[in-house]
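Features of the protein shown, as given by TrEMBL:
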- 104-231: domain 'Palmitoyltransferase DHHC' (DOMAIN)
- 12-31: transmembrane segment (TRANSMEM)
- 43-67: transmembrane segment (TRANSMEM)
- 137-159: transmembrane segment (TRANSMEM)
- 196-222: transmembrane segment (TRANSMEM)
Amino acid sequence: MLVLRLLNVVAPAYFMCISLVTFVLQIFLFIPSMFRDPSTTPLFSPALLHGAFFLFLSANALGNYVLVIQSSPEDLGKDLNLGKGAEVADWLEGSRSPGSALSSTHFCRLCARITQRHDHHCFFTGNCIGSKNMRNFIMFCLYTSLACLDSLVAGMAYISATLSMSFADPLAFFTLLPHSISQFFSGALLSSEMFVILMLYLWLGIGLACAGFCCHQMLLILRGQTRYELRKGMVVRARPWRENLQEVFGKRWLLGLLIPVLNVEKDYHRQKEK
């Protein structure tokens, strides 16, 4: 438990550091290097278009990140006047039945609260993911992956221009790291350039991980299932996939794709009774 609590603090700090480094590299290194192209017009230069697109991705990623933390799942234990710790967990396990409303309810020991429609505990936000913040969490994963992949492309363009190399060969990217390490220790590569190359692989890993996690969550939503239910092998009620999507994204789903907005809170107890 101590390790998990430590991870609950380190992971958000790690995410904020990576976000800050990415923002600094984009604004002060990648985008200024794009202005050096004399063949483009100042108004519609790739630098301005890329900068506006990156700021759009960053604002959505950080905005949804804040909303995931702000819109925490409600603590059902307060309404039930329960205790804390092991007493709550024991009561919850003893109160479940296959057809009860508590079948998808879980007590998180890190957050010390009972949440309904519990999906999982996200260490990067230090918060549980449930009915209230699922949409913001998916948007956070989506825009984080897009921001990382955008930074990857911009970083590759910067390295290509700085080191006069081409990435036309797909194997060039995979051989870049070992070749750069040998050049760095031989003194032929600057430390700033080596740092950018390391960030390329970090952006690739984070971008693919967030994209895969987002696709997995969308698949579970279409099935009307949470990760907690999948892990416990719980049987979910069969419903049309459109209803499952609307339950998570609401009617203003298009607005949520463009700007960070709070999710529409659903009354799951009322839906259970219908």
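Cβ coordinates come from backbone N, Cα and C, glycine included.
Annotations in TrEMBL come from automatic prediction, not curation.
Residues 22, 25-26, 29-31, 33-34, 50, 53-54, 57-58, 60-61, 64-65, 68, 122, 125, 129, 165, 167, 173, 176, 193, 196-197, 199-200, 203-204, 206-211, 213-214, 217-218, 221, 248, 256-257, 260 of the same chain lie 6 or more positions beyond the ends of the transmembrane segment (137-159) yet place their CB under 8 Å from a CB of it.
Secondary structure of the domain 'Palmitoyltransferase DHHC' (104-231), assigned with DSSP and counted as helix (H, G, I), strand (E, B) and coil, comes to 83 helix, 12 strand, 33 coil.
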